[in-house]
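Worksheet: the structure to be examined is printed underneath.
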Amino acid sequence: MSAPVVTRPSATVSEGAGTARRVPGEPGVWLLVLLDMSVFAVLFVAFLLDRRNEPEAFAAGQADLTLVLGLVNTLVLVTSSALVAGVVRRSRAGVGGTERLLLGSLACGVVFGVLKVVEWAHLLDKGVEPDTGTYSMWFFVLTGLHLVHLLIGSLGLVTLLVIGRRDAHREVAADRRALVEVVATYWHMVDLLWLVIFPLVYLGAS
Amino acid sequence: MSAASIVEEGTVQSTVPDPASAAAGDPGLRVLAVAGVAGVALILSGMLVSGYIPAPGAAWSPERIQEFYAGAATQRRLGIFLMILGTPLFGALVAGMSRVLVLGGGNRGGWANLQTVVGGCGTVLLVLFAMVLAVAAYRPERDAEITQALHDLGWYFAFISAVPFVIQALAIAWVVLRSGVLPRQFGWANLSVAILLLPGAAMLFFHTGPVAYDGLLTFWVPLTDFGLWMLLLAWGMWVSADRDAVAGERR
């Protein structure tokens, strides 16, 4: 007994005169990314307004952070994005060798998460808690939300690894390539968000 | 062949009754969809009437919360009464979506069952939300700290309880994206709902800002997201009603 066949709608955008541009992944993931980034955009604006109202408190809060940890995490995430881009390229070309790249990007995600938890623990040890002040509230909200997104993206990477191993000896189906692009789109969004959060939270007040 | 086996396998019989006539004879899912829409309307209008939109502040003192309930007490109770009527109707959406997912053969691996179980939990939490707020509004002259504790408890039932709803939306998305029982955008919209609801669970750590229980991420976004989600689920049931009626005719 076979499952009903589900055909994925063609994800193309017409550009007229017989040419068509394919939407990476599928349109739905872009809806999700748009909604998610809109919420973050509102948060960024609110953060900037609070910073304008309390510049001294924000500068003092920023002094409690370890800039090196933020910088290392930025490099780690950018590296992971480059590795994921490699996965997409290889997937589109239909060649193998994506597993090591996926493991590398996943390892970057784990390093990022561990460093973030270390940083939180360090701050909590110093008595800086989510409710301590406006800056610490924003720090935990923005980095916490971002970490949740990173965990979701990591789950996506694990899914690609599992599916890749299962389908190792089969020809890669178009649906699988679309899934790679969906996960990559989400992962790049996580990276992009961090590239805004890092300067805002770690560098902005100085 | 039982109707269940027909819908589980997604097979098509040549003796299928005419969908239009079958649907006309059996309102089926559409009644549940309308009940769900009525639920959204009652919950939102109730919250407006009782003064919960915008939400009382998480940083309010006990005395301020007490004043909130003591002032315009009858109006607040009327609003809460509407919420008590509306919150159980989320169950209609849970039941209807379970039916829709099974129609698409989506219970492989128990995903439709998962949607039913966590949706049932969510319904109970919503009902408790309205009931505990009703208790808070019942005797506002009591000790202010007790009224504040009841208000916090009621609010927590609705807004920190994001996780069951997140799992429910993920289960729906999983089935829709794998089975095609509804358009793929429906599945993606459910994934978006899940991601937007999730931050609400962090309100435990904050009394001010966007994650305090009157904040952007824990009140405004979830409230909008949840209301639109209920309408979306009702729409999914409405457009699946013909298929459900056909399955019923086969039976």
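Quick reminder: no glycine exception, Cβ is built from N, Cα and C everywhere.
What TrEMBL records for A:28-206 is domain 'Heme-copper oxidase subunit III family profile'.
Per TrEMBL, the feature transmembrane segment maps to A:29-49 (among others). Residues 23, 138, 141-142, 145, 149, 182, 185-186, 189, 192-193, 196, 200 of the same chain sit 6 or more residues outside the transmembrane segment (A:29-49) yet have a Cβ under 8 Å from a Cβ within it.
Annotation source TrEMBL lists transmembrane segment at A:69-88 (among others).
According to TrEMBL, the feature transmembrane segment maps to A:100-118 (among others). Long-range contacts of the transmembrane segment (A:100-118) within its own chain (CB-CB distance under 8 A, at least 6 residues past either end) are made by residues 69, 72-73, 76-77, 79-81, 83-84, 86-87, 90, 143, 147, 150-151, 153-154, 157-158, 160-161, 164, 187.
Feature annotation from TrEMBL assigns transmembrane segment to A:138-163 (among others).
Per TrEMBL, transmembrane segment is recorded for A:184-205 (among others).
Across the domain 'Heme-copper oxidase subunit III family profile' (A:28-206), the prediction's mean pLDDT works out to 91.
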